Structures are given as C-alpha cells and as structure tokens.
Amino acid sequence: MTESFAQQPWLSLITFLPLLGAAAIMARRMMARVGPDGTVEPREREQIDNVARRVALFFTTGAFLVSVFVFFAYYDPDLAGYQLVEQAPWLGSGISYKMGVDGISILFVLLTTFIMPICILASWTSITKRVADYMIAFLMMETLMVGVFCALDLFLFYFFFEGSLIPMFLIIGVWGSSGTKEFAGFAMPSRVYAAVKFFLFTLLGSVLLLVAMAWMYFAAGTTDIPTLQQFDFPAGAQKWLWLAFFASFAVKMPMWPVHTWLPDAHVQAPTAGSVILAAILLKMGGYGFLRFSLPMFPLASADFAPLVFALSIVAIIYTSLVALAQEDMKKLIAYSSVAHMGFVTMGIFTGTEQGIEGGLFQMLSHGFISGALFLCVGVVYDRAHTREIAAFGGLVHRMPIYAFLFLFFTLGNVGLPGVSGFVGEFLTMAGAFKTNSWIAFFAAFGVILSAAYALRLYRQVMYGELLKPALQSITDVDRRELAMLAALMAFALYLGVYPFPALSVFSPAADLLIENYRAALAAGGL
Amino acid sequence: MTLEPLVVFLPLFGAILAMPLGRAAGPKAAEIASTVLVGLAAVYAWVLFFDVALGEPNPRTIRLATWFSSGDFQADWALRLDTLSAVMLVVVNSVSFLVHWYSMGYMKEYGETPRFFAYLSLFTFAMLTLVTADNFMQLFFGWEGVGLASYLLIGFWFKKKSANDAAIKAFVVNRVGDFGFALGILGVYYVFGSVEFDTVFSVIAADGVAIPYGMDTGAPVRELTVSFLGHDWHALTVIGVLLFIGAMGKSAQLLLHTWLPDAMEGPTPVSALIHAATMVTAGVFLVCRCSAIYENAPDAAALVTIVGALTAFFAASVGLLQDDIKKVVAYSTCSQLGYMFFAAGAGAYGAAMFHLFTHAFFKALLFLGSGAVIIAMHHEQDIKKMGGVKDLLPFTHILMLIGTISITGLGIPGLYLFGAPFGTAGFVSKDVILESAFAAGETGRAFAGAAFTLGLMAAVMTAFYSWRLIFLTFWGRSRAPEHVRKHPHHVPDSMMIPLVPLAVGALVAGMAFYGHFVDPAKSEKFWNGAFYSAEAHAPADDEAHAGESHAPADVHAAPAESHDGDAGAHHEESHHHVPGWVLWAPFLAMLAGALPAAFHYLRGDPLRPGLLRPGGLVHDFLKNKWYFDEIYDFLLVRPALAIGRFLWKEGDGRTIDGVGPDGLAATVAAGARRIVRMQTGYMYHYAFVMLVGIALFVTYVLLRLAGGGQ
C-alpha cells in the first residue's frame, strides 16, 4: 500500500493545494448576495472576508502538513538524486510537466509551506481592504513558489519563477503602505513606485533568462532539467548562458548593484508580503544558482566566480554600511538581508562543501530569522502605524515579551552562535577561506558591521525611557503574534544548536553537485 | 549517563528558570533558585578539580553531540576536563556563586532581579562552555555567549543612554576582536583540516606534516608557510596573531581596551564577575590553551608579550587619575590582564594562569567592596566626594585593605614557608610573573625583558592608584554631604558574607597554590600536559607520544635545567636564575608607589594638586585616557556612519536607481501611468491575465524556436 501511496503525485498536491483554496475563495465570492443597488452589502462582504481568511489558513496549513508528511514518510534523505518525480506530457517535443525534489530543494519546499500559514496569520487583522483578493494572491503565490522549487522542467520552472512576480507585484502595489513618491515626472503612491521598480528589475532578468532558455532548448532539444544538467554546453556558449541566468538570479537574490528594488519593496509591502519576500522569494536566486548555473554551466561558473566573489563582498560591506544609516526599520532589515545573501552567493561559488552547504543553510536560516524580523516590525507597525526608528524608544517597558523575541531575532541576524544564522555564515566563510583568504577577510567585516547596525536598531526602538505619548498605551504581543514568533524562534534555535538534521539533508545532493562540478572542470581542463 | 555535564548546565537551568519563576513565585524565589543552582555547580566544580587535577591526574573529554559538520569540517559539543579547564571551572563557578549571593543584597532596591539573575546565570553557562570546549568552535560559542551576557548586563539599566551606549560599544569592539578570532579559526581549519584541540595540538607537538586545503604537498607544520592575504607567512604565526586579536578584544588589551571602562555602567556585581574575575580573562585562557601554537610561533608570542606589557603600563597610568571608584578598579583589571598576557607571551603559562586565579579573588573582592561603598554612599562613585568611609563601613574597610595589599603585593621577598613564597596572593603571583619575564628575557625571548621593565613600572603605579583609592575613600575627613555622612545606606549582610571567602583567597591563595601552579617540582604533575613545552617536543623527539605528554612550560624559564629536587632545592635554583635584586624589585616597586601615595594623600588636603597639575600635558593625557576614544571616534565611528549615508544616498539613490529604474522610467512613463490606475478593479483579474499572458508568450517563443529548428 505504501508503495502505491509513495507514487502518488505528492508534489503536485502540495503545489496546487493552495490554488484550490484560491478557487474556493473565488467561488464563495461569486455566490455573494448582491443588494438591490448591485453592490455587495457590508455584512456580506465581512462574511466573505472571514471565509477568505479561514480558507486561506486551512489550505496553507494543509499544504504544510502534507509536505511534512511527505518529507518524513517518502523522502529519503540519503539519496543524492531527484525523488518523488512526476512526469506528464505537456507541450510536446521535449517539454513536459515534470516535478521532483532533491536535497537542495526539499527543505525550501518545507520552508515555503511553513512560512505561508504564518503569513496568513500575520495578515489576519492588519489587512482590512480587499481581504479576499489578498488571500487569493497569497495562495497563488504559494503555488508558484512551491512550484519553483519542485519544477524539473526548465520551461515549467520559468513559468513558476516569473509567475511569482505577479502576485508579489500586486501585493506590494495594492496592499502596500501609503505615501507618495515623485517618479518619472509625476507623483505616484510610493507603493506603486516600489512595485514598478520591483517589476522593472525582475523583468530585466527574466527577458534574458527567456532568451537563454530558448537557446538551450534549441541546442539540447529538451527542457528537462536533469537532462540539461548532464548536457555539455560548449564552453563559449556557457558564458553567455551563464550571464543570462545570472542576470535573473542576481536580481532575485538580490546582489549588489541590482539590489535597490528590495528596500523599497520591503518598505512598501504589507508585513506578510515582506515576510514572503525575505523568507522565500530571495531564496529563488540562490536556488537557481545551484540548480542551473553550477551544474549546467560549470566552466562559466568557475570563470565568473571571481566576479561573484567581488559582488558578494561589496554587497556584504556596502549594504552593511548603508544599513547603519537607515531611518526606517524595514529598510534596515532589508539592507541586512542583502548583506546576508552576499554570504550565500560567496559560499555557493566557492564550489566547496562548506560553501555550498553553508549557503543553503544560510538561506534556510535567513528564512526564519529575517521573516521573523519583518513580523517583529509588523507588530509595532500595527500598533503605532509607523516604521520610523526615531518614532520609537523604550518599548521594553510596555512590551517585555516582544522585547525578548525581538532581541532573539536581532541576535540571530548578528550571527550569534547558538542561533541558526551563525552556522551558515561560518560555513560559507570556511569555504571562502579555502578558496582565497582575501574573500573571507573582507566578508569578516560583515561580522563587525552587522553587530553595529542590528544593535543600534534594537537600542533605539526598545531601550531608553518610554517618552513618546503615542506609545504610552502600546500593548505587548497577543497570542496570535506570540505563536508565530515562537514557532520561528523554535526553528532558529533548534537549527542553531543542532543544525545536523538540515545539513544532512543538504549534503548528499551538495556532494553530488560538487562531484559533477569538479568532474566537469577537470574535463574542461580547469 | 555521566554527571559531569551538570557542572556546565546547572547554571543554564538557573538562567531559564529565573524569569518564569520570578513571575510565578516572586523575585526572591528566582534569586534563591539561580543562586543555589550555581552554588551546586561550584561545589561540583571543586569536586572535579580535585578529581582531575589535584589527586591522581584524570583528564578526560566527554563528547555530547555533533554541533555541525560539513564535508571534513566538524565541530562537537563536548566537555573537556583537564587541569586548565578545571581551574577555570573552579574560578568561574565559585566567583559566580559568590556574586549571585552578593547580588541578592546589592540588587534589592533596583528591582527586576529575576532578569538580572537570569543574565548572570546565562553568563556563567556561556563561560563554562567556553572553558570546557574541546574545539575552537565551541570555544567561539562560549566566547560570543559571554559577549552577549556582557552586553545584556552592561545595558541592564536600559533607561540610561550611557548604559546602552556602553553595551553596544562593548559588543562591537569585541566583534572587532572576533573578526580576527574567526579568521584565526578558519586558518586553523585551513591548515589542519580540523578545529579540534587534540588533533591540532598533537600535530604541532609531533611536527607532523600538514597539507593545507588545495595544496598538493604539505610541510612539517612548524615550518609550514601559507599564503594569507597575498603573502606567504609562517602558518602558526598567522594563526597565533589572528587568535590573539580575538583575545585582545575579549580581554581589553591595548587598542581594543576602550570598552572595558565604559562597561562599568553595569551593576557592580557584574563588573566583579564578568569584567574582572572571569570573562575578561578568557583571552588569557585562550592563549594558554593554544600554548602549542605560541610556543612554535615566536613572533606571535612576542606580540602577545609586548601588547600585554604595554597594556599593563598604559592602564596603570590611566588608573592614576581616575576619580570614579569603579573606573580605578576597571583600569586596574585591564592592567593586571596585561601582566597575564606578557607572562603567557614569555612562555610562563603556569604563571599566567596563576595570576588569573589569584586575580579573581582580589579583584572580585575589590569590586564587591566598592559596591558596598557605593551603596552606603547613596550611589556616589566619585572618590573625591568620599573620605572617612572607614568609620561608616569598618568591615568593608578591612576587606578592601586586604584586597589592596593583595593586588599591590605585600610579602617578604625571599622568605619561603612550606615551599611557597610568603605573601599575599597578588604578591606571589605577580612576583612569579615578573621573575619569569626577567628569566625569559635573559634567555633571549623577544620583548620579555621590556615586559619585565614595563611590568615593574606598572607595579609602581598599581601601588599608587590602589592606595590612593583607599586613602581618598576610607581615610581622612569625610567630604560627603551631611545626610550621607549621617545616614549611610544600610549594607546588608548578604553583601558582606560572600566577601569573606574572597578575602581569605586574596590573602592565602598565592601561598596555598604556588606549588601546584608554578613550582617546577610539582606543577608538571598538576598541569599534566595542559601546556605545551618545547623540551618535551623537541623535533628530535620521536612522534610516539605526540599529543599525550605535553609537559608544562617551565615558568622560571630555565630550559636546560632538570627539576628533580624538592621545594627547598628549588629556591636555590630560582636564585640561580634570577639575581637577588629581581626578587626584591617588585616589592620595592610597590613601596615606590605606596609611599608617595601616603605622602600626598595622608597629609594636608588630599585633593590638592600633586606632581601632575590639572591642565598640564601629562595630566590631561592621562585624564583623557590617552585620547583613544576620541581618536577612534574620529577615525572609525564617524567615517563609517558618513560612508553608510553617502553610499545610501549617492550610491543606491543617485547612481544605481538614477541610471536604472528611475532613468528607464522616463521612457516607460506612459506604461507606468497605466499601472497607477491599476489600483481599481479586481486584482485577481489582472493577476490571471498576466499569468496567462506570460505563459502564452513563452509558449509561443519556444514553439516557434522549436519549429524553426526542425
């Protein structure tokens, strides 16, 4: 029986379960009773909103439970190759619907399905306009994100990868914060500016990616990812293909200097949007490097590695310094995200076990920690309706539990050993040191600067006297907020003290990747 | 199931329990619970000390779990019990217990004691993981953990801006040290392929061949050169220097010392425990633990020596003019740490650890005694506003006197009773350090001679500022306001009793433990290979007993000599090595500092200007602490902030966005206008249309290409 169960399309189920939820919400809304004047009555609207919230929570939780079940029941962490593979003919001639996971992707599927219910909870009371639309956008988002990590067909991957742009674009553009910004000669809401900026940057990458994909399909006759990973692209072509993929992934990551969309997007996005952005969307870039750049274009990856190192180091130092100067809580955390992703790209392109596993671990850990930090900002934003650092001070007097949680995640961000952030950071630096001590030397400046900006933020928001009249009656976290943050804290702490389970899932796939990578380099005379 | 882990984990239980317990059963319960748990750990630490070090040597390592591993990189959670860690266990747990106890009285009127005790216990736990580590990673975990606890406790009174500033400064300056420390660990891993102490040190001991990552051939590790930052360096020297940068941060050595005086913003018990007796000694511990590296990296050892010696001198000079009672003791700590470092740098690891041990007693005593004075004087810390406190606090006065004669070193040079020099704890250990430095200088160790000279000069100043503190605070006529003088704040017994064991230690710990720690005849058995010694591992030696039989460094630095004789024979020996004047020099230095202090502060107005007149160059230089803070602020802090702002506004804003999205935008303005209008209407329609659009577009492109290709 288990045999046949194991062969069910589990990944498709996880992927499309949220879409089912979106459909359910749409259906409920179509059945809305319309008043005599043709509009939906307020009470009916309220009811639809409540249904939308519950349906979204139900389906995201369902997807999480299914993914956990599949992971423990059917996923074999000792295998290096793809598992739970499903394939169906799709567009014919080499393009098929193919899903599967390996050690590199499975934990990101779990991370996504874990973060989603938290996002729904985070939006429970703070989102009041167009709730049904909002929930639909998030459910679609989840389908697309899980799809990105499961797709084993390049075309299918592209569909999910670029598709995820749209709901995010809407989440920022519609549910973002208020304020206006002068852009292209006329004033527009800042959130729309941020959304457009996000869109422009990502579009730049995706056009190049599309062209490269088409070329690869033309050359290899298929878009099957495992096949392409074995395919020997000519060394000359690898360079161009690598650059095209790089353009797309570097923007997503984001790497310096194409990072400037991220702070704006974070600032404008609603809390849950920021959480998704930081916890999942950024990881697609790193995932892309590991799934495509390194295995498919090994020679070019080795050639361009110095470029990546340089950009990573600049990202770490530059954005850490910029973070020191920030006045907006979210912007500060966004810039620190760029710095942390710098460690990931640095690690991945060292092509060492420590670098790659450290990079993977750093991405996973950053999902918990930065996701939680944006939730922390959301907690005070919901109460004080500002994210300006200077508007706060002395919150510890009224919010002791929040103070504890925020401190924990701040320290995680600083990379304190015992919290998950340290493991990835250190391993990537170990990989870098082996490759070239200069890289590790410069990256280590991030160790100093992260302490400075993160503790400065914490001090200005939490410590000192509680003087601002607006904060006098601020309340501590409620049960819902506590549950979300405690869950994230549990993971960050567990993986900080005992990261072994995650690392052991990564290592077979990472080892295989490295083996192939080195073999390809050796064959290429490098 | 072994019980040993309890010695580390009991304080952690206290840390976790304190806050919930405080909520459920009141602060008193939290205080008692955490104090008792640390007390139990202290008792157990002494049991282990006797078991591991004093009786038949019984060192062992208990592996608890793998922390993390990746490829050939592996770090474990483990409990390494050897003499070195057993000494630290005893120091940390005992002082921590006494400070917990003391805090029950000290913190009474400040409130929030559960949080305070939770932090104290958390610190204790982190410090214990540091000292019991069997690899560099766990050491780093404890290293950062004590840094965190220090940050939390310095900023304990978070309403005060100065406390918050000091807390962040402490953390960030320590991170500068960690910058080096982390690179040092990476260097160890790069060279040895391991971060485990046993593996690393046994390879060095055997002079085994190490092949750094990515190299085809290696070399015997003592001769190995590696490329670091574009140059070829002697591998062990690079590692030693990098690790020492970490030690400089944690132990507040010159250049990275600026956080320690500011750290006095924390409650006084914290200053005693963390910023005097334990955490700040972690750097000394690190250098001693890595003796195998420093003994084979003379340049790195020379750096340790000179930095330690300069710190001992510098901090003592600044201590001369401090008026804040806690700052005097803080600079004194900084200076004493310098002594420990130059001892270690000179190869006298036993002497360094010995001074670390005795210093824990007398410095904790001085700090906690100062705390009692501060409480009694209604939170006044300026010793110029005190005077005559001995009438108000006679018992504290005696305790502080004991601490002072201990740190300044009162004893009778040349007199040995029961095989140990006769004198206070500080007398014995400081003399050993200075003698070792002198002897090491004679044998040609770099900077050891300079360290001896600087150490003597520092001893003069130590005696001066220590007695100045006593005279200004306790003696003479009171300068305090009348209400303070008439109604000093009550100092509870719980703040006095814990000082008694410390006072006893400050008096006799030197004599009691001299034999074990430094007497050549006995110390070898005591340390039992915890320190590396060149004689035991001469390259000619076979590699058979590599890693097992590290003999201790000879603290009197007489490499060729054998030490078979009994204690009596040893006296003659040490007289052989160091001339008589060296034996007397520290004592005379003490008098040279104490007498002028008495001369100035005990006659006439103690506040009258002395040799260094206010406004004078030297006076201002010392008063402003050699201007380190100002220089750092000008050179580092302001530029970092300014560069950050510049990169943000000019780099991100003008350059990247100006060329990128904002520049592009002009051409797509029309399209953008349409997007603005998008706020109306049903969003999911748009989403769906865009998704389908992308899908169709891509399909079209791919199919066309495919079709064209066939």
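Every residue, even glycine, has its Cβ placed from backbone N, Cα and C.
Annotation source TrEMBL lists transmembrane segment at B:6-25, B:32-50, B:116-133, B:139-158, B:170-192, B:272-294, B:300-321, B:398-418, B:446-475, B:496-517, B:581-602, B:683-703 (among others). Here TrEMBL flags B:67-117 as domain 'NADH-Ubiquinone oxidoreductase (complex I) chain 5 N-terminal'. Look at TrEMBL and you will find B:133-444 tagged as domain 'NADH:quinone oxidoreductase/Mrp antiporter transmembrane'. Positions annotated as compositional bias 'Basic and acidic residues' by TrEMBL: B:542-553, B:561-573. Per TrEMBL, the feature region 'Disordered' maps to B:542-573.
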Contact between the transmembrane segment (B:398-418) and the transmembrane segment (B:446-475) (at least 3 Cβ pairs under 8 Å, separation 6+):
yes
With DSSP as the reference, give the number of residues of the domain 'NADH-Ubiquinone oxidoreductase (complex I) chain 5 N-terminal' (B:67-117) in helix, strand and coil.
29 helix, 13 strand, 9 coil
Quickly jot the same-chain residues contacting the transmembrane segment (B:300-321) by Cβ under 8 Å, restricted to those at least six beyond its ends, or write none.
236-237, 239-241, 244, 248, 252-255, 257, 287, 293-294, 327-328, 331-347, 437, 445-448, 450-451, 454-455, 457-458, 461-462, 464-465, 468, 612, 619, 622-623, 625-626
Counting CB pairs under 8 Å, which listed stretch among B:6-25, B:170-192, B:272-294, B:446-475, B:496-517 touches the transmembrane segment (B:581-602) the most?
B:446-475
Between B:6-25, B:139-158, B:170-192, B:446-475, who has the most Cβ pairs under 8 Å to the transmembrane segment (B:272-294)?
B:139-158
Please report, as numbers and ranges, the same-chain residues at least 6 past the borders of the transmembrane segment (B:139-158) whose CB is under 8 Å from any CB of it.
67, 110, 115-116, 119-120, 122-123, 125-131, 133, 164, 166-168, 170-171, 174-175, 178, 181-182, 185, 246, 250, 262-263, 265-267, 270, 274-275, 278-279, 282, 286, 289
